[in-house]
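**Student:** My questions will all concern the structure given below.
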């Protein structure tokens, strides 16, 4: 039977998990209200259980002690008994759907920030600063150690009393337990440092205290790393020794294994591998741990596809697969496998919008699934068919917003036509996918293509919709998602012209689309600092151009998230792309065969020049509004979106008003330039009530 | 002159008929012995004919009336003719009756003739085409010969030429009717048919005067202990004598052919031809004289057999090719349609038993499936310890733990199938909503043996059945409920002979009972148009046509019935191991069935069988969604209104529960 390996139940300790698929611990940034799990938190995990996920481990970096700050990432607060009733809600919600739920508990040691909330004195075995969070810390004292050991035990008790199925002790990502393990951070010469046994001692005391508190009928696991990838850190062999050492106690019920440490920006990118990584890049490390332990091993890192997951399990590399981002993209992943709807699974593309928001302390959201973590607001993962009349819905624009609008309207049972001027769906996603290492972003489009075909949406590709064509269709609703165009005309001195022969600058779109040939010596001016500038730089360098990317911001790619800018940087530095900050593009002029770009220092006003043969400007998107204004006056609702209803996830009032003519809504970049998620979210919340 | 000639003719015909009958009986007696209560059978015969057989014939009103007139007229005319013309009791009353009988028969034969003018493809031609003329010759000549008896015409009317012509016509008629009856002509059906009804191998299938409907569909067990008995049927003479008699009763009406899904799919099976081949085989010879539709793709005249020769050749051809036998889905459409109550499926399984047990020659995936059953107790070869994996999150009570329960939920091998697991989960949800006290055998359950038995592996069937019966004997329960009609049939109808007697309910029957007992409440139906596909093993095998429809009605669904529904439901193609033996045809049976669905315009086809679900869902570009009734019920569940204030408050059924999670 296909996917049989996924659906073998497994015992972890005394707990039966219904299948081999786990949503592993990640910071949700939802547990607000002082770290008490909220309705939002509960619904998010309930949805996974409803969708068939076997085990969810919630609460990445949930804290056990008050000096491990909870507030930065709104993680779960296990330092107080107040959490227990909240856990009961969470446990009930997951259990009623047959799922199991555990929580990761930890003390983050030095891996946090001290400059807020209680202004904690962060702790670390030897007081060495952590670079990612720029956090300094105190060298931990013996009294602190015993206090924290006791806090772990109390936190585990709270999880158990709250009805959760287990706890996962975090000894990964350079939290306190593995700060003690790693000689890179632990320079102590007392009984808590130095020798192997001494470095193991803190974690062992935590494990013993927790197990003594919760007894045998509660799962206690450990999440560890497979190799810190630092010459002075823990190697894979060290980690095998550590895993075997703890396993020998018989007190650990499972190990979760993650490849790579993460106390630098570069190693952090490994932990949540983005789309530039191959599938399951660190499986071998988890398999190495499995060799030396006798309990189930969970591994999550770039396992997104049910076939891939089955292959990993069939190969016996690990016992359970973590498909965490896969569940963020589609919490009904398992149900769809079982329904024989594998093609309908919205597959994670590794855009890492989720984790990159999390590292900024923002709630975890999915770039392509606007319902995820908004279940509590009533945003549906499965769109119900409308009870009302069948409407004629015309969508203009086949980018993410338009595709989502067409999908949702078709799921509602309406007759949907979608116009797209280009020959293929995708909009700006298609452009983004042209860059090296970014091709997988096209997976977003691929899913919509399959869904729109399944839903029998009438696709008019290569057709630019005009007013007459639209009105000929006698639509009940028109959704405009026409996007925009690169905004190169903002500063006349840049020399942009609509005539390609005369224009002194080109856009990143032109470059990535192949509309202009790559230059040999290129200056990219990127004031936006998101993906497009770095992608254009990587693309041009890949084609052999000499590239300098200049920004007036603090660094090129400043707005690209923490797990993705490192992979760009690896590629750009390797290709000798020059990255320059603090310079504005003042002017471009032609001189002989070449172009001169005049740059102005943001802080001194000093001018400098670059002589190049191509100037690429990334200055964001200007909305395409012409069609909107052509239709606005004729529409029943004058193109207006009711914001109160929109934000409250209520039906647009105009939908229930009777009258002649059509309703007009616009969304995505043609309203105001934002991102993929914003366009999809607008589309879902407007169209779900059609 | 007639007074002299007629008795001679009549008694000569009767004598020849007697000789023919003796020779025919000798052919049947080549078969193996069978325990038949001859006397009781003969006594029961008229009722079996007039009630049970007529019930089938009467589905075609015109043909039924035609047969009543022709056959009734003939039987009366024949008896009276012996009295009037044979024994010379020429009184006007008898003569008048004889005139009436022959006239009735004549009218009947006109209708027979009319049908033969443009016969449907299912009717055999050949000698059958002359039958109406023979009937008319007989009835007309008897009528005319009798006119003088009642004084309408003087005894010496006409010339001797006219008398001779009359005698010739009468000779023709008598020849067909009496000589032909026992010497292999079309009228053989009357003689063999009557005896077949009397000595039928399944006397229990006939109705009784107390209003019992009579149903006997379980296969009969092979006695594996009896080393002298053949394992199945190798040669025609390996059939029991009353089976051979039954084959001889065939009227070649082809109703079976018209109903057979394999025939319609262009697979090399035609039940009528198969029965005729058995007739050829018991007498010895070739099938060249057969005048009906052949097995699709197999021209007539290339096969021959003999009473003691093999039916299926190990190599080359004999009487029947193995693929003909393996095309059958055991759907019983042929048996259901047969006005002569012939048991085609029994015969096919008898012959399959020999091929499987003696030749070890089960085609395609057959051998693998049987090996799986032997090694793992399930046809898919799944780890027998994984039968409950689909329910790892449902905490189903195990019989091994609870020892007794009201309901034993029999999972069937659909427990290993991801699609059927959804049905099972839905059923669990329904049972829990109705607060049914149930338990499962879990890993103690084994395949019921259905597939093994129908693939001819009686030994594996009996081994599985024996072990299941032993397991079931350990526990106490009121009834077994299952969503698998095959398990339902085997547990309910075939385990009894091996010592396992249970009250078994199909889940739709059980759900209908729960609903009628106010233990379930449903939200109004919001979906589109629905049709219902009757599973063969629920409908024709067990007569359950009502309960599924009752449940669908309770859900608020108005069915768009298919033309082939109820007892005429067309098989999905999934029974009898047919998907395993996978004999190629020109079309696929499930495709035809989904076309039937499409013709109703239904957006959803409700089913009640894992096999049907699998077959129908396997249809590419199907126009309708396939859902088990249990799923529809589970989706519609709402909390029951509390009947009275005294009853304890119940926990409301949640909108979603674990069972709904796939």
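Cβ coordinates are placed from backbone N, Cα and C, and glycine is handled just like the others.
From a predicted model like this one, the values you see are computed outputs, not experimental measurements.
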**Student:** Can you say which of B:30-50, B:93-113 is given as transmembrane segment in TrEMBL?
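**Tutor:** Checked against TrEMBL: transmembrane segment maps to B:93-113.
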**Student:** Have a look at B:114-133, B:134-153 and point to the one annotated transmembrane segment in TrEMBL.
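**Tutor:** Based on what TrEMBL states, transmembrane segment spans B:134-153.
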**Student:** Between B:68-87, B:93-113, B:159-179, who has the most Cβ pairs under 8 Å to the transmembrane segment (B:6-22)?
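**Tutor:** So the stretch in question is B:159-179.
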**Student:** Should anything in the same chain at least six residues away from the domain '4Fe-4S ferredoxin-type' (B:316-347) have a Cβ under 8 Å from its Cβ atoms, list it; otherwise answer none.
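**Tutor:** Answer is 48, 52-53, 56-57, 189, 193, 196-197, 200-202, 205, 217, 219-220, 233, 236, 239, 243, 246-247, 249-251, 253, 255-262, 267-269, 271, 274-275, 277-278, 280-281, 287, 295, 298, 302-305, 309-310, 355, 361-363, 366, 454, 536, 540-541, 567-568, 570-571, 573-578, 581, 583, 585, 589.
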**Student:** For the domain '4Fe-4S ferredoxin-type' (B:316-347), how many residues does DSSP put in helix, in strand and in coil?
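**Tutor:** The counts are 14 helix, 0 strand, 18 coil.
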**Student:** Could you tell me the mean pLDDT the prediction assigns to the domain '4Fe-4S ferredoxin-type' (B:241-271)?
**Tutor:** 97
